[in-house]
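Per Swiss-Prot, the features are:
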REGION    1-384  region 'Disordered'
COMPBIAS  56-65  compositional bias 'Basic and acidic residues'
COMPBIAS  80-134  compositional bias 'Basic and acidic residues'
COMPBIAS  137-146  compositional bias 'Low complexity'
COMPBIAS  179-208  compositional bias 'Basic and acidic residues'
COMPBIAS  239-267  compositional bias 'Low complexity'
COMPBIAS  268-308  compositional bias 'Basic and acidic residues'
COMPBIAS  315-336  compositional bias 'Basic and acidic residues'
Amino acid sequence: MSQQHTLPVTLPPALRQELLGTLSPPAAAQQEQRKQPTPLPTACQKVGSELPGEVPSKHEEKGTDPVKGVLEQECGQQEPELHLGKQQDVHLMKRQDPQEPELHLGKQPEPEGPEPHLGKEQQHQESQDPELHLGKQQQQESQEQELYPGKQQEPQDPELHLGKQQQQESQEQGLCLIKQREPQESQEQRLHLGKEQESQEQRLHLGEEQASQEQRLHLGEEQASQEQRLHLGEEQASPEQRLQLLPQGPQEQELHLGKQQQQQESQQHQEQHEEHQKAEDLGQQHRQEKAQREQQLEEQLDEGKKLLDQQLDQEAVKRHEQLQRDEQFGMKKEQLLEPPGQQKGQLEKPVFVPVPGQVQDIQPAQTAKGEALLLPEQPQEPEV
């Protein structure tokens with residue numbers, strides 16, 4: 001913890017002791033100052049009592065604590081002499097030691113052992129004496145500015161620093177709010193769209209329910225009107241029925257009975273006519289079905305006859321072709337059986353006419369060329 005809160009300016013031990021000797025007054029003077037502290041404003045006293053034992057390193061390095069800046073202004077206005085005197089001492093020390101920034105810029109020595117102890121003593125002194133703490137802080141800031149000439153000097157005005165810090169914070173907050181608002185807006189839009197869709201669906205559902213209710217009401221009204229009409233018809237028919245049921249004279253009763261008989265006869269006649277019509281319709285249907293069946297049978301028979309005729313014609317043609325083939329085959333056979341010389345001799349041999357008184361040699365008759373020999377009878381197929 002002590003190393004984290006040490007001062008950022010690191011100097012050799014000899015220079016550090018000289019600076020401490022010049023900056024810190026003697027112990028007796030410090031004790032006198034502690035015994036008789038200068039009166040401070042209420043704000044400085046409150047903040048001095050509330051200052052912690054260990055000051056954060058960030059505020060020590062940058063010197064941008066807003067509360068300290070305000071206190072520095074108030075305390076600096078009330079005690080300008082002390083502040084100016086200390087600044088002059090620092091400037092004199094820097095003029096006497098011109099080699100310090102070169103050494104510091106060239107190589108920063110590593111912190112030695114007594115540094116944590118010195119840091120704790122300084123923190124203890126700063127916590128006890130707020131005036132010394134503020135003055136030392138200002139001196140350290142001026143030393144840092146002179147020792148690090150390349151470093152950008154931070155604004156010493158606490159109001160400007162606070163303004164910039166507030167601007168940065170406001171910008172960061174604005175960016176964070178914008179980033180947070182974008183998903184929130186998208187979610188809100190989605191929710192709004194979902195609500196609109198739900199409302200539209202509810203409206204449609206309500207419209208459908210209203211339409212169904214209207215249809216039901218309309219149907220109910222129609223049914224009621226029909227029932228009313230039937231009721232009126234019954235009411236209109238009821239006087240006639242009442243007249244019929246009332247006690248009447250003999251003539252009226254006979255007329256009434258005659259009318260009833262006529263009605264019954266007409267009903268019976270109508271029923272008989274309907275039955276007769278139904279029977280005629282059934283008979284006509286049977287006739288039509290029978291005619292259709294007969295027609296189908298005739299068509300089937302005609303088709304069968306045609307097929308048989310075709311088959312018989314085909315068989316007759318085949319037989320005729322077979323006979324022609326057989327005849328041709330027999331002629332070829334005869335031609336092959338007769339030798340060629342005999343056929344020529346038969347053609348050249350003269351015919352002798354017998355003379356009366358001469359004995360004629362009986363020779364078997366030979367068939368002339370081209371005549372067909374009688375083949376053994378073959379069974380003939382019956383012609384169709």
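These residue numbers are counts, starting from 1, taken along the chain as shown.
Using N, Cα and C of the backbone, Cβ positions are placed for all residues, glycine too.
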Notebook entry, point to check: Could you give the number of helix, strand and coil residues in the compositional bias 'Low complexity' (137-146) as assigned by DSSP?
Noted result: 10 helix, 0 strand, 0 coil
Item checked: Close approaches to the compositional bias 'Basic and acidic residues' (179-208) from elsewhere in its chain (Cβ under 8 angstroms; 6 or more beyond its ends) -> none
Next item on the list: Kindly report the helix/strand/coil residue split of the compositional bias 'Basic and acidic residues' (315-336) according to DSSP, in that order.
Entry: 22 helix, 0 strand, 0 coil
Next item on the list: With DSSP as the reference, give the number of residues of the compositional bias 'Basic and acidic residues' (268-308) in helix, strand and coil.
Entry: 41 helix, 0 strand, 0 coil
